[in-house]
Amino acid sequence: AQNKGSDDCGGFLKNYSGWISYYKALTTNCVWTIEMKPGHKIILQILPLNLTCGKEYLEVRDQRAGPDNFLKVCGGTGFVYQSSHNVATVKYSRDSHHPASSFNVYFYGIPQGAKA
């Protein structure tokens, strides 16, 4: 799950914990799907962001909580997102003429009843 500076654009991550980091590919939309064991939820820690708002963003979506349950960010001091179930997605999207910026997201799983 460590994609730091790689050409990996998205993928399916089943690790208990790991990193999703900026990529250097030409692709403008990358989606990482994170899946934990049943009975677990996912904690995502988005480290401080400095993306170019209006040209690129990160979106975190809880796959089983409905279409309106997501976080979309382009800048800030950092965010923590907790899924309600064991599957979540992280999407990086940018305009085709805009260079990719760096970002780092740490994720890990915890049992459903536990607090982050």
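The backbone N, Cα and C atoms fix where each Cβ goes, and this holds for glycine too.
Keep in mind that this is a model prediction, so the values were computed, not measured.
According to Swiss-Prot, the protein has these features:
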type	residues	note
DISULFID	Cys9-Cys30	disulfide bond
DISULFID	Cys53-Cys74	disulfide bond
DOMAIN	9-110	domain 'CUB'
CARBOHYD	Asn50	N-linked glycosylation site
MOD_RES	His85	methylhistidine
Conformational class of the residue listed as 'methylhistidine' under the three-state DSSP mapping: coil
Cα distance (Å, whole number) from His85 (methylhistidine) to Cys9 (disulfide bond): 24
Residues of the domain 'CUB' (9-110) by DSSP state, where helix covers H, G and I: 0 helix, 57 strand, 45 coil
Local Cβ density at Cys9 (disulfide bond) - other Cβ atoms counted within 10 Å: 18
C-beta crowding around the residue listed as 'methylhistidine', within 10 angstroms: 17
